[in-house]
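Asker: Just lifted these from TrEMBL, have a look:
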BINDING   GLU64, ASP81, ASP84, ASP218  Mg(2+) binding site
Amino acid sequence: MQIEMQKLFDIVKEGGALFRNREEAARIRVKGLSDYVTEVDFHVQELIRTRLVQEWPQVQLMGEEKDNSEIDFSKAVWILDPVDGTTNLIHDFRQSAVSLALYDGGKPVCGVIYQPYTEELFHAVPCARGGRSKGECGAFLNGKPIHVSNAKTMGESLISIGTAPYEHEYADRNFDLFKRIFLDCQDIRRLGSAAVDLAYVACGRTDAFFEMNLKPWDFAAGRILVEEAGGTVTDFAGNSPDFRKKGSILGSNGKIGELLVERYMNF
Ligand code: IPD
Ligand code: CA
Ligand code: CA
C-alpha cells in the first residue's frame, strides 16, 4: 500500500491547528493517576479520523481516545495519538505533537509527527519496502532528509528520558536508572512527549530516548522515523519491540542504545 504523503501532511496539520484552542484545552477529564484527556484530544482525533476515512475508507484506525479491541493487525491500520503530550498541552508548555503511523500486514508504511508550535513536520517512509524512488523514502524534517547523531560515547551524549508518569510504582527503579545515566552523559532532558522525543533522536538533537511501558500510539510513528534516520528502536533488553503492544522503548543513534542496554539496563 502506498500513500500520497501530501494528503497526510495536510490532515495532521489541520489536526495540529486545533492545539491552539485554550478553552478546549482547559476542559479536562482525569483518566487515571496523572493521566488526563482534554476536549482538544477528542476534537483532533475526530477530525483526523473523519479525514482518514474520506481518503482511505478501507484502513482501520487505532486511536488513543477510542476503543481498539476490534483491530485486526494483519490488515492495514492507522495508529494515532491525537495529542502526544496532553499534560504539556494543559500547561501550554508547547511540547506536544500529533503522531500518526500506518502499518500494513505488520509492516510499517509511513509515520508522521507534527509539532504545531514550531511548525515542524517529521515524516518517514521505509526504503526497505522498495518501489519508492530516491528522495521519496527515508526520514525527513519539513521535507529535508534527517539523520541520527554520530555520538559514540556517553560523555558526548544528550539523553532524553520518559518518566512513565502514570505508573508511580516504577519511580524508584526509573529514577535510579536516570541518575546512573545522568552521571555519565552530558545531561538529560524530559520533554513530556514521547513522539517529540523520538523525532528529536531521528534528527540528531538528542542521542537517545527511553521510557518504560509506552503505548503503541506513543511510539508507532517515532519508531519508523528513528529507524529510517539510521538509528535503532528496541526494548530495554535490546530486542525489537512489538508495535501492537505496550512496552519499554529505547530509541537511539544505534551506538548509544547499545551502550545503554549493556551498561545500565540489565536490571
Ligand atoms: C504521554 C507522553 C509522555 C510520556 C507518557 C505518555 P500522552 O502521552 O508521551 O511524554 O511520558 O508515557 O503516555 O498521555 O500525553 O498522550
Ligand atoms: Ca501519548
Ligand atoms: Ca495522547
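Including glycine, each Cβ sits where the backbone N, Cα and C put it.
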Asker: So which of the binding-site residues ASP81, ASP84, ASP218 sit close to ligand 3, that is, with a CB under 6 Å from an atom of it?
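Answerer: Listed by sequence, the hits are ASP81, ASP84.
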Asker: Setting GLU64, ASP81, ASP84, ASP218 aside, what same-chain residues sit with their Cβ within 8 Å of the center of the Cβ atoms that define the Mg(2+) site, listed in sequence order?
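Answerer: Checked against the 8 Å cutoff, the neighbours are LEU80, PRO82, VAL83, SER99, ALA194, ALA195, LYS215, TRP217.
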Asker: Enumerate same-chain residues with a sequence separation of six or more from ASP84 (Mg(2+) binding site) and a Cβ-Cβ distance below 8 A; give 'none' if the list is empty.
Answerer: SER96, ALA97, VAL98, SER99, SER193, ALA194, ALA195, VAL196, TRP217, ASP218
Asker: Which one of these binding-site residues, GLU64, ASP81, has the sparsest Cβ neighbourhood, judged by other Cβ atoms within 10 angstroms?
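Answerer: Counting other Cβ atoms within 10 Å of each of the binding-site residues GLU64, ASP81 gives the minimum at GLU64.
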Asker: Helix, strand or coil at ASP218 (Mg(2+) binding site), per DSSP?
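Answerer: The residue in question, ASP218 (Mg(2+) binding site), is helix (DSSP, three-state).
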